[in-house]
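Colleague: Pulled from TrEMBL, these are the listed features:
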type     : residues : note
SIGNAL   : 1-25     : signal peptide
TRANSMEM : 276-298  : transmembrane segment
TRANSMEM : 340-366  : transmembrane segment
TRANSMEM : 372-392  : transmembrane segment
TRANSMEM : 413-433  : transmembrane segment
TRANSMEM : 445-468  : transmembrane segment
TRANSMEM : 489-522  : transmembrane segment
TRANSMEM : 528-556  : transmembrane segment
TRANSMEM : 568-587  : transmembrane segment
TRANSMEM : 599-627  : transmembrane segment
Amino acid sequence: MAFWRSIVFSALLLLLLLLIHDVHCFYLPGVAPQDFQKGDLLQVKVNKLTSVKTQLPYTYYSLPYCSPAKIQDSAENLGEVLRGDRIENSLYAFKMREPQLCNVVCNRKLDAKAAKEFKEKINDEYRVNMILDNLPLVVPIKRNDMDSTVYQLGFHVGLKGQYSGSKEEKFFIHNHLAFTVKYHKDLQTESARIVGFEVKPFSVKHEYEGKWDEKTRLTTCDPHAKHTVVNSNTPQEVEENQEVIFTYDVEFQESDVKWASRWDAYLLMNDDQIHWFSIVNSLMIVLFLSGMVAMIMLRTLYRDISKYNELETQEEAQEETGWKLVHGDVFRPPQNSDLLCVYVGTGVQFFGMILVTMIFAMLGFLSPSNRGGLMTAMLLLWVFMGIFAGYASTRLYKMFKGSEWKKIALRTAILFPASVSAIFAVLNTLIWGQKSSGAVPFGTMFALIFLWFGISVPLVFVGSYVGFRKPAIENPVKTNKIPRQIPEQAWYMNSAFSVLIGGILPFGAVFIELFFILTSIWLNQFYYIFGFLFLVFIILIITCAEITIVLCYFQLCSEDYLWWWRSYLTSGSSALYLFLYATFYFFTKLEITKLVSAILYFGYMLIASYSFFVVTGTIGFYACFWFTRLIYSSVKID
């Protein structure tokens with residue numbers, strides 16, 4: 001029930017944000033500040049185990065860690081479930097501003113199965129993720145090259161190593177956690193807010209005297225004897241029949257960081273210069289293309305139009321060459337025009353989703369503190385943008401003299417989601433086989449199907465109905481009944497060659513920023529520079545539009561009027577380069593060794609590339625559509 005409530009709440013929240021204009025201030029539920037008095041209970045929650053080597057998340061209690069009598073799941077939103085987050089209660093509990101030393105969580109004797117599971121997770125470099133007051137647990141690491149600290153999300157389950165004088169590799173578990181809770185104190189009320197949650201993990205073979213019971217004191221960690229854990233010189237080995245005692249310390253540090261700025265340390269970017277370099281690099285491409293477009297529009301086209309309009313005799317008209325010659329065929333409906341309408345409509349849906357998502361993100365609605373918020377917002381926006389998909393596809397369909405608008409509406413609503421769902425179903429089956437928490441549960445599957453067929457499909461039909469009732473788009477010139485023969489083209493005007501060339505510059509405008517996006521997705525890092533991303537997105541739109549217009553002009557000048565599909569594929573081919581770059585990134589930056597993990601990576605990147613193709617292709621198509629209508633409406637046609 002909690003899961004369904006989160007879906008309904010997210011949908012209502014999105015509608016509220018879209019409808020309400022006169023809002024002075026509000027906060028998002030779950031990310032409001034919480035004040036703690038001295039002695040208040042602080043309950044640590046545990047999240048999934050993650051690894052950059054396998055990309056398969058697991059629940060915390062999939063390993064035989066100390067667990068409470070009753071494990072309770074926190075209510076997760078749609079985005080959290082799809083990310084594989086499984087937030088549960090734990091035995092780690094603090095009291096606000098009351099330091100604790102050598103607290104024993106539990107005593108575990110490892111059997112063969114438990115030892116094997118810990119060894120597998122240590123070998124795959126899994127990290128444990130915890131949460132306190134909605135802040136993720138981080139391990140602070142001092143950078144040698146500069147006087148700064150970077151934070152890694154979660155701590156490693158353990159590590160591999162050898163005893164001195166031995167070559168045999170052993171596995172050691174991090175069983176002692178030294179927590180640091182940073183707080184900002186209100187001088188007037190004496191209450192405090194949590195602004196940091198850090199840990200230093202240690203591997204310690206704890207010892208004690210006599211038989212183990214609840215009151216047993218450890219000799220290796222005893223605050224009364226002032227003997228605390230400060231290193232891992234006597235580590236706890238992971239082997240069958242080994243006794244592992246889990247302990248923790250917690251200290252509280254007052255901080256000058258205010259609650260509103262507590263995420264700044266997590267989101268601190270030390271590579272702003274690279275992002276600015278990315279923007280400058282992209283702007284240079286845009287300036288180059290803008291110069292070419294300006295030259296075509298202002299000089300060449302102006303000269304062409306003036307010349308065509310000054311032709312007085314029939315003999316001169318017959319001698320004319322260039323793009324005016326194909327005026328009787330340039331708006332002839334292309335082959336597979338129905339499919340083109342569907343893809344254009346889907347591209348409009350994607351474009352709207354990306355644009356609104358970025359605006360929300362820049363306004364701070366989709367901050368990392370709202371876990372899963374970004375993915376939830378994207379899914380809901382995709383669903384609601386179905387109305388624009390139906391409208392765009394049917395308007396184009398009616399221009400092609402189509403009459404069966406319901407057929408186009410259905411194909412627009414089904415084609416792209418069905419193909420993505422097929423890939424997703426295969427990947428989800430593989431994840432199920434690995435017993436990973438990343439597998440989408442049946443309840444969530446049903447929710448996604450409901451969003452698709454219950455909301456998105458009807459909205460596509462509504463948009464299609466509205467679009468079809470509008471008057472058809474009139475072409476600026478009439479189309480001849482008999483198609484004109486296209487002359488033989490030069491090798492560099494070959495459709496495959498020009499399409500492949502056309503995708504290079506749009507990809508070149510975004511590939512640097514793409515590196516950071518891939519790093520945040522596959523290396524479990526935060527990405528929160530939506531200002532940069534929005535600039536890059538604007539540059540991508542301009543680049544796609546301009547390269548398509550330039551190549552479309554050259555195509556028409558060579559008397560080839562089959563521009564409809566080529567305009568879509570020209571900028572859409574940048575998706576091919578995106579997938580090739582993702583392949584390069586896989587082999588150079590990632591350490592994935594498992595076959596299932598590799599299939600997951602390439603499966604998800606295939607979906608991302610397909611989506612990128614649809615968006616960029618639609619941008620290029622509309623740019624070329626506007627360009628051709630503009631130039632042919634500017635000349636006199638007898």
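Even glycines carry a Cβ here, placed using N, Cα and C.
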Colleague: What same-chain residues lie close to the transmembrane segment (528-556): Cβ under 8 Å, and 6 or more beyond its ends?
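Modeller: Contacts with the transmembrane segment (528-556): 267, 269, 275, 278-279, 282-283, 285-286, 289-290, 292-293, 296, 300-301, 322-323, 326, 330, 354-355, 358, 361-362, 366-368, 493, 498, 501-502, 505-506, 509-510, 513, 516-517, 563, 566-567, 570-571, 574, 616, 619-624, 627-628.
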Colleague: Cβ pairs under 8 Å only, please: of the recorded stretches 276-298, 372-392, 445-468, 568-587, which one is richest in them relative to the transmembrane segment (599-627)?
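Modeller: By the under-8 Å Cβ criterion, the transmembrane segment (599-627) pairs most with 568-587.
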Colleague: What stretch in 276-298, 413-433, 445-468, 568-587 has the biggest tally of Cβ pairs under 8 Å against the transmembrane segment (372-392)?
Modeller: 445-468
Colleague: Quickly jot the same-chain residues contacting the transmembrane segment (445-468) by Cβ under 8 Å, restricted to those at least six beyond its ends, or write none.
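Modeller: That would be 3-4, 7, 78, 345, 379-380, 382-384, 386-395, 397-398, 405-406, 408-410, 412-414, 417.
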